[in-house]
Amino acid sequence: MPHRTSSSWYTAVSGCARCGLESTAFTLLRVMRERDVPLSGFALASLVTACEHRGWQEGAACGAAIHALTHRAGLMGNVYIGTALLHLYGSRGLVLNAQRLFWEMPQRNVVSWTAIMVALSSNGCMEEALVAYRRMRKEGVMCNANALATVVSLCGALEDEVAGLQVTAHVVVSGLLTHVSVANSLITMFGNLRRVQDAERLFDRMEERDRISWNAMISMYSHEEVYSKCFIVLSDMRHGEVKPDVTTLCSLVSVCASSDLVALGSGIHSLCVSSGLHCSVPLINALVNMYSTAGKLDEAESLFRNMSRRDVISWNTMISSYVQSNSCVEALETLGQLLQTDEGPPNSMTFSSALGACSSPEALMNGRTIHAMILQRSLQNVLLIGNSLLTMYSKCNSMEDTERVFESMPCYDVVSCNVLTGGYAALEDVANAMRVFSWMRGTGIKPNYITMINLQGTCKSLGDLHSYGMPLHAYVTQTGLLSDEYITNSLITMYATCGDLESSTGIFSRINNKSVISWNAIIAANVRHGRGEEAIKLFMDSQHAGNKLDRFCLAECLSSSANLASLEEGMQLHGLSVKNGLDCDSHVVNATMDMYGKCGKMDCMLKTLPDPAHRPTQCWNTLISGYARYGYFKEAEDTFKHMVSVGQKPDYVTFVALLSACSHAGLIDKGMDYYNSMAPTFGVSPGIKHCVCIVDLLGRLGKFAEAEKFIDEMPVLPNDLIWRSLLSSSRTHKNLDIGRKAAKNLLELDPFDDSAYVLLSNLYATNARWVDVDKLRSHMKTIKLNKRPACSWLKLKNEVSTFGIGDRSHMHAEKIYVKLDEILLKLREVGYVADTSSALHDTDEEQKEHNLWNHSEKLALAYGLLVVPEGSTIRIFKNLRVCADCHLVFKLVSMVFHREIVLRDPYRFHQFKHGSCSCSDFW
């Protein structure tokens, strides 16, 4: 052109930008400036739009340069440039830049307001976007269809019913309800608010529908898990001659993922290939998600790796898939690969998913690294990112970092507060959790059911119950939250945890429509309080009430059977799990294993053991615990080594079980080696239970100087378990000095601990300090403290026979005592002499032997010899540790009567066979 006007330049720049010739457009801009051609808002707005097609960093840098150029040219009053920049900053996650620009704009129209709402909502600041809508209305800006569709979608995403209905009224008043895009947004919002009938009515009244309308209905039914209607809508859609598109197929693939219809999803996958849609990035993303959700991670990986092109959602989906399958290393590696590609910059969702791979203390450094990347990209003020950082730090038990992130966040929501209260709940820090609750109420953030469950979960004692638990109960009653079944069930658990089973039962009885979760809560409450028989009865009541068998309920009842050592009920429950297809559930499998282990049936436990490749950590732990209980250290250690070799990570419980096995076997070097390797090798911090095992191990071997040194240096404060273990060991080794120190510390913690008095009395007795024994017994009478009575029982078929010391209440008492006399005669023939070293001194030797001979476990043994058939194992259970004399008698009976006997006390199993015990007399 020989003569170029300003308009010619503007048209050329705009045309190049629209045709994807961004480099040419920017070259023309440079030439315009060299020739002093005046800049126009039209041309600059076109160039800003072109920046969106460039890479993340390059596009953001170009946008910032044009923003600066606009300032110098005095064109900031041009609303088109400002709106284009808002879109650019929003798409790059530069929320603060977008907000600063918006409030700098001297003129703002409905398009500008819509752009800032989109920028905020797309970056997780949805509450702020809703505030922007309200301010726009306050300033008198008239909404168009695009603005209303945006804010309707916003209300749906927030699941804010009040705001949603207010905006719906605005739509009706504005006369834009007939606009297809607005109606489609309303259908989606109603779906998110679970107002299905409203969505259906609106859909039926729509004069014009497009493909998005049909897709919105399919998405809603999928969200509501009404999967059959999804395919009915698809059929109606095709009859209406609307061809399904990628979005339709994505929704149906999501349905298949949610409803466990993977086979149908594979069919849709085949349909995509035959329809030529197999290269669609969104569709492949949905398929990757479906396969990973179904546990088919290999197929998901294969699809992802073979994609010819990917977007950031592809990477986000794969990272999320790895996190969901606990493949955290692969998730972080995938993030690293994304950072080295040009397939889309990582966004807030990318980092949110990646932070999920850093949710354990040993992954804290990885979490900090991702936090640094977030700061580098200025994404820290995005609410989604803030909440993800809170979650990561709280799961890493780094509450100081959690608080720092919380204090730096520009905006909060109830999720932010729930993460904080949940972190304190995990640490049982009730005071700080309640502090957050008070702050929430002061700032107007409305607590939801998760908040209340977290707070109630922090209450662990009667003191907590009175100070915090009961006021929380009053709060949920006053605010109407008590009608939420999750909160009610949480109250049942809270009262039971704090020792008030009566209140738990009262709350349960007042529930009109008891759900499976309610039954589970009260059954678990009874199990916690040792009321196994009542728990089993409640389970039967639940089944009679027509409740579907639930895996959690079944697991609790199996725990009851384990605690009661009720093998028959346990086997029946195991049969129920098989019949109802729950025998592969990890919770049920683990509870079944534990039940067989505690009922002395290691052979049955091993039969229920999952394959090592698919065996969860809890099952490995239960197996190691089972071996430890029997004193089978080699098997316990081999299991631990096998667990590590298949890539399963040991946890806190694993080491409790392993150290317990070392303690029962008296292997001090092994025990110390494993204890010292916990933190540096396996990333598990030693806790109080690990320390108890070490003190028990040292004490059993009489190494009291080492035990005292260990207690002084251990990383946690000693509790009653530590001192009780040391006192028990001092009694075994007749160490008065250590025993007195341990008893003093134990009684300082609880002056009414009957075990402290009993163990100290036994220590005095073994040292023939009968005056001290008398003083101790007299003091117990003064404070009205009674020794817990010994009790033994065995079960045959459906009959439980229970015995106390010298008990004659059994219907076969006469036969039992005749059998006892027979046993005594036969044992004396082989040299039996009663061990009366700990018997009371104020009786003669004959009376001492008579008292010993009437111990509860001996009565149970005599009855077992009478009723348990020859060739079958006699299984006896006792609530207190077996005494030395009874242990000797059981060994001799196994030899003289040629019987196998299993005795379980609170500490371990004793398997007597051919005159010896599995504990090798070390217990």
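Yeah, the Cβs are placed from backbone N, Cα and C, and that goes for glycine too.
Where the annotation comes from TrEMBL, it is an automatic prediction and has not been curated.
What TrEMBL records for this protein:
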REPEAT    109-143  repeat 'PPR'
REPEAT    210-244  repeat 'PPR'
REPEAT    280-314  repeat 'PPR'
REPEAT    413-447  repeat 'PPR'
REPEAT    515-549  repeat 'PPR'
REPEAT    616-650  repeat 'PPR'
DOMAIN    831-923  domain 'DYW'
Positions whose Cβ lies under 8 angstroms from the repeat 'PPR' (515-549), at least six residues beyond its ends:
485-486, 488-490, 492-493, 495-497, 501, 504-505, 508, 556-557, 559-561, 563-564, 566, 569, 576, 580, 582
Can you break down the repeat 'PPR' (109-143) into helix, strand and coil residue counts using DSSP?
26 helix, 0 strand, 9 coil
Which numbers of helix, strand and coil residues does DSSP report for the domain 'DYW' (831-923)?
34 helix, 16 strand, 43 coil
Where DSSP helix means H, G or I and strand means E or B, what are the helix, strand and coil counts for the repeat 'PPR' (280-314)?
25 helix, 0 strand, 10 coil
Stretch-averaged pLDDT - the domain 'DYW' (831-923):
84
Per DSSP, how many helix, strand and coil residues does the repeat 'PPR' (616-650) have?
27 helix, 0 strand, 8 coil
DSSP helix, strand and coil counts for the repeat 'PPR' (413-447)?
27 helix, 0 strand, 8 coil
Tally of DSSP helical, extended and coil residues in the repeat 'PPR' (210-244):
26 helix, 0 strand, 9 coil
For the repeat 'PPR' (515-549), residues assigned helix / strand / coil by DSSP:
26 helix, 0 strand, 9 coil
